[in-house]
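Remarks on the structure that follows.
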């Protein structure tokens, strides 16, 4: 690659474009109010070729073929023809993109769009024509056409020494056990036991908060542990020009993990906020004095310093600077007034006067009540003068003061006193204690807040919210629903129409004084029922414990299949296509229930509902084996008795010879009886009135429904399916998945065969004129040999043959 020559530019004082706001860097989550977002000042960390911040003419360079002393005459030349229509741009963090060379678009606008899409701050970057960041930068005020015409290749590099040092796009997340619990940096709630943490940036979060974790890894959190990173940051800070250079070096010196004090980290800097805290003569030491009066004053929460943790460590919380205390007190009072004002808006919907409210006097170490702060949503720390822990030392100015306007000051004054980088990170970095203090863990906040004393933990005057009465999951309280009227009763309970956020069906179960084991089994079944969601299954909405055990399900606006077949007048004669569709939907719903290990145990036409549109089928009253099981005591042992509707009961259920006769095949048998009802419009065994006789004969396999009552247009494949569903041996019955496939394979004829006899004309009657004409045509079509056509016997035989052929064609014989 040939060396590129650069030239100075005189048009570099162009103001920042208002259409290119500076985006917030993801890896710096606490810089919402930093000075980086200011458009009227250039960041001291910005390169001379920063995409959004052009500098003076002596710091911008332009690409040119030769270094010329004067720039006169350049406007008279024609715009150069560019060689490349697309330019490859290499971005930080090993990213790359392509930029289209558009006429009139400057390089600053084009490259800034790429950086903003990736949430990279353009002020912290500079652009080179080489992969070496030490090479001279290009002038971004030039158009992309001019740059493309002078580039030896179609590549540009965007470098940022600062981002490469303090940020990374790769977290080192590991699973951690937090004992004691730590606060999540996303939701600020405690992490109980198991959680996740990045080993680089120390970002902690719950598993449920993983989607809100920052994309970039902020390596500044590891500054107190990494000496190499501190050296690199000192090198970057040395490149900062102007009054902000000393501020950056002071902050970095206080964060450095070295035992000695850095020469740059002196409190005698020119910054007014830094000089307000003096190390010499600014700290009062309060030794511990054990006395009743001292103990009373220490345990009182109203005192300025309630309690010291150790008698060997000095109390460094008292700062002998009254002006600074008053200054911070004004800030805290203003913040408290703002908080009370916002609370008044939330409660009344209008702005209430807060001047008459009592503003509490903040003591050292008291945090603004109600303020929650984490690394994603930072707030101003209200600790006025540093850490309140007796084992830590405040080596840096308080957060929220540098780079922010104080009361009575203009924003311009505060904006010129700090660098954008320092203001963005100052209140997010932990402090490092000196050698005299015991070691402590790094806190994610700027200050390590002192834990409260026992007398401070509870506030007797604070109103506590009333506790909500406890009830189990999906349990509905008696005052939350209304019973309207009775709908009907069945084998296991009575159904009512009711109101529970809409019309519902409330079924009171026939259960009296359930035992603890039965109640536990009932809750387990409810836990399964609440997970059922299917188009052909009634929606389970909850259960009721008192005054009677009941379940609440979806209300079906329609009638049961039993009423459509046997009760309503005139009776509904379903077409064969509608019958197949109903049976398909029942098979779909039952196949879904069996996939959830739910046995219906009482499938019948009374529990199959047709909606008002007559096209949707719903299955109800499923599951609840505990309620549908009846136990009797015989010889000191419990024996299970069959319960349910005997007409739909499978033979093995009637016999009760197995420990658990209820299987998916027993539901298939009940489905076969439902098929018989809808195909014959009759109940099975209607000619037998003795209930015990039906139980005995069906249980032994001597009795089956009368197949002769089934309608004659039933396809043979459906008849075969019906026979398989009501087989005596349950192992020979299909499952509902197979039943569904066989129903889908049934093909109905497009034309329906007529069941009435045709009007056949007798041969000895007089034919009509039309019959005579057609008979003559048939005679003319027949082939008669010439030798035999002359004889009358042959002619009569031919006519008789034609008549037979005529009637065979029209189906009359």
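Glycine residues also receive a Cβ, built from the backbone N, Cα and C atoms like all the rest.
These come from Swiss-Prot:
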ACT_SITE  602  active site, proton acceptor
BINDING   184, 187, 206, 209  Zn(2+) 2 binding site
BINDING   198, 201, 217  Zn(2+) 1 binding site
BINDING   487, 488, 489, 490, 491, 492, 493, 494, 495, 507  ATP binding site
COMPBIAS  9-23  compositional bias 'Low complexity'
COMPBIAS  258-273  compositional bias 'Polar residues'
COMPBIAS  291-301  compositional bias 'Polar residues'
COMPBIAS  338-348  compositional bias 'Basic and acidic residues'
COMPBIAS  386-399  compositional bias 'Low complexity'
COMPBIAS  406-421  compositional bias 'Polar residues'
COMPBIAS  453-462  compositional bias 'Basic and acidic residues'
DOMAIN    85-161  domain 'RBD'
DOMAIN    481-748  domain 'Protein kinase'
REGION    1-79  region 'Disordered'
REGION    258-315  region 'Disordered'
REGION    338-358  region 'Disordered'
REGION    383-472  region 'Disordered'
ZN_FING   170-217  zinc finger
Summarise the model's confidence over the zinc finger (170-217) as a mean pLDDT value.
84
Just to verify a number: CA distance, residue 493 (ATP binding site) to residue 602 (active site, proton acceptor), in angstrom, no decimals.
13
Spatially speaking, which of the binding-site residues 209, 487, 489, 495 is closest to residue 217 (Zn(2+) 1 binding site)? Use C-alpha to C-alpha, please.
209
Counting by DSSP secondary structure, give me helix, strand and coil numbers for the zinc finger (170-217).
3 helix, 23 strand, 22 coil
Name the residue among the binding-site residues 184, 495 whose Cβ has the smallest number of other Cβ atoms within 10 Å.
495
Taking the Cβ of residue 489 (ATP binding site) as reference, which residues of that chain separated by at least 6 in sequence fall under 8 Å from it?
495
How many Å lie between the Cα of residue 187 (Zn(2+) 2 binding site) and the Cα of residue 198 (Zn(2+) 1 binding site)?
16
Rounded Cα-Cα span from residue 198 (Zn(2+) 1 binding site) to residue 184 (Zn(2+) 2 binding site), Å:
12
Please give me the CB contact count at 10 A for residue 198 (Zn(2+) 1 binding site), counting all chains in the structure.
23
Show, in sequence order, which residues other than 184, 187, 206, 209 on the same chain lie with their Cβ within 8 Å of the centre of the Cβ atoms of the Zn(2+) 2 site.
185, 186, 188, 189, 191, 205, 208, 212
Three-state secondary structure of residue 493 (ATP binding site) from DSSP?
strand
Measure from the CA atom of residue 487 (ATP binding site) to the CA atom of residue 201 (Zn(2+) 1 binding site) and give the result in Å, rounded to a whole number.
64
In Å, rounded, how far does the Cα of residue 209 (Zn(2+) 2 binding site) sit from the Cα of residue 198 (Zn(2+) 1 binding site)?
14
Set of same-chain residues at least 6 away whose C-beta sits under 8 angstroms from residue 206 (Zn(2+) 2 binding site):
184, 186, 187, 189, 191, 195, 196
Separation of alpha carbons, residue 602 (active site, proton acceptor) and residue 487 (ATP binding site) (Å):
19
Rounded to the nearest angstrom, how far is the Cα of residue 602 (active site, proton acceptor) from the Cα of residue 198 (Zn(2+) 1 binding site)?
56
Fewest Cβ neighbours within 10 Å, where candidates are the binding-site residues 187, 217, 487:
487
